[in-house]
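Here is the structure we will look at, set down as structure tokens.
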Amino acid sequence: MAALSAPGLRSFWILGLRSSVGTAVQAQGVHQSVATDGPSSTQPALPKARAVAPKPSSRGEYVVAKLDDLINWARRSSLWPMTFGLACCAVEMMHMAAPRYDMDRFGVVFRASPRQSDVMIVAGTLTNKMAPALRKVYDQMPEPRYVVSMGSCANGGGYYHYSYSVVRGCDRIVPVDIYIPGCPPTAEALLYGILQLQRKIKRERRLQIWYRR
């Protein structure tokens, strides 16, 4: 019986070896086809490249970038708004200047002269007769200058949107940087708008744009 079973075991072992070799060859062919044809689900996923900020290409560009950061820090830390109260929103603007909110701690100080201001807060309803005065005051402000539209009336006319004597948004007269919704918006909303303006100034790259020209 042992003599009869030995050839059977040998043939079974040979068949198993052939099947394993065939499987290995088939797997190698699959990997080769994947490598030649393109990516597939059988390949392990490659790690994604991390988002890295581009480094300055030269020493001059690096110096200009750091100088830009310094100037932006100085600008956003000393915003001097021009008081341009037109309606009830100006009461909330004055509320922000009161000791409860104390906007001076953010470097925001009201100025009465447009030549000493770099921010204009349009608070209230802008009429057609007041529009030329608004533009004239804006032109007298030194560069860079920013405009904050406070309230629904300044944003788009608000309650008086269909009136014949009201401008439907002060952005038709001057370019606006920050819009503050509300009728009227609270002092907290105005303070939040000022903080958003500071964040916008922080992202400016005026010197870098000038340097790359």
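Each residue, glycine too, has its Cβ placed from N, Cα and C.
Segment annotation: Swiss-Prot labels region 'Disordered' over residues 33-53 (candidates 33-53, 138-158). The DSSP secondary structure for Arg111 (hydroxyarginine) is strand. For Cys88 ([4Fe-4S] cluster binding site), the Cβ neighbour count at a 10 Å cut-off comes to 14, with all displayed protein chains included. Within 10 Å of its Cβ, the residue among the binding-site residues Cys89, Cys153, Cys183 with the fewest other Cβ atoms is Cys183.
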